[in-house]
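Take a look at the structure set out below.
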Amino acid sequence: MGEEFPTISLLGIDFNLSNILMITVTCVIVLLIAIICTRNLQRRPTGKQNFIEWIMDFVRGIINSNMDWKTGGRFHVLGITLLMFIFVANMLGLPFQIAINDEVWWRSPTADPIVTLTLAIMVLGLTHYYGIKMRGFKHYFVGTYFSPMKFLFPLKLVEEFANTLTLGLRLYGNIFAGEVLLTIIATQLAHMNIFVGVLAIIPALLWQGFSIFIGAIQAYIFTMLTMVYMSHKVSDEH
């Protein structure tokens, strides 16, 4: 789309200030949600406590569908954090996009492949870390890359690379495409007369609602695949 972003150079490395801002905003929102929803907890949950407990149970279900709770319980907080972080990040760029001096400052951080691929690398790195920690290096390496047959080793390496790419690029592609279409619709509305523009708002709102659905689905898929990959690394039966 030919967008430009504010950058700052530090030690010869360029940092995207828009990404830094939006990731920080996402973290603050998720933290506030967690704090607000866990204050004044009661035995009989209502309202906000119901919401956070529903998220906890939802992630628990994702984990239980991939590994036993004794093994997967330690990843419960990771799953909750990923689900909430990615969902909030996906939503930030939907209502509007802010550009100052032709530089985009406000948009979904997950609409940048650098952010999503970094997140994917971090997640896959954690699966290797816990695999080695829980199974031992030798057992982990042999069980992961030489099972069930040794000649599959090259394919297993390709699979690791492909998993990282698909995990990151799937999230990026869906969120970026949604923002592009919303931008196109908004641009077209700006050039229409008032009567046609009012009618055109309807499909714009429908697409915005669909984008919210896609953002939620992508947060779920990313969290689900994280637990799938984690189960493959930490469970002996895989």
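Backbone N, Cα and C atoms are what each Cβ position is placed from, and that goes for glycine too.
What Swiss-Prot lists as transmembrane segment is 17-37 (among others).
Sequence-distant contacts of the transmembrane segment (80-100), counting only residues of its own chain at least 6 positions beyond either end whose CB sits under 8 Å from a CB of the stretch, comprise 22-23, 25-27, 29-30, 33-34, 55-56, 58-59, 106-111, 115, 119, 123, 171, 175, 178-179, 182-183, 208, 211-212, 214-216, 218-220, 222-223, 226. The transmembrane segment annotation in Swiss-Prot covers 80-100 (among others).
Within its own chain, the transmembrane segment (112-132) has Cβ neighbours under 8 Å at 16, 19, 23, 75, 78, 82, 86, 89, 140, 144, 160, 163-165, 167-169, 171-172, 176, 222, 226, 229-230, 232-234, counting only residues six or more beyond its boundaries. Per Swiss-Prot, transmembrane segment is recorded for 112-132 (among others).
Among the features that Swiss-Prot reports, transmembrane segment is placed at 194-214 (among others).
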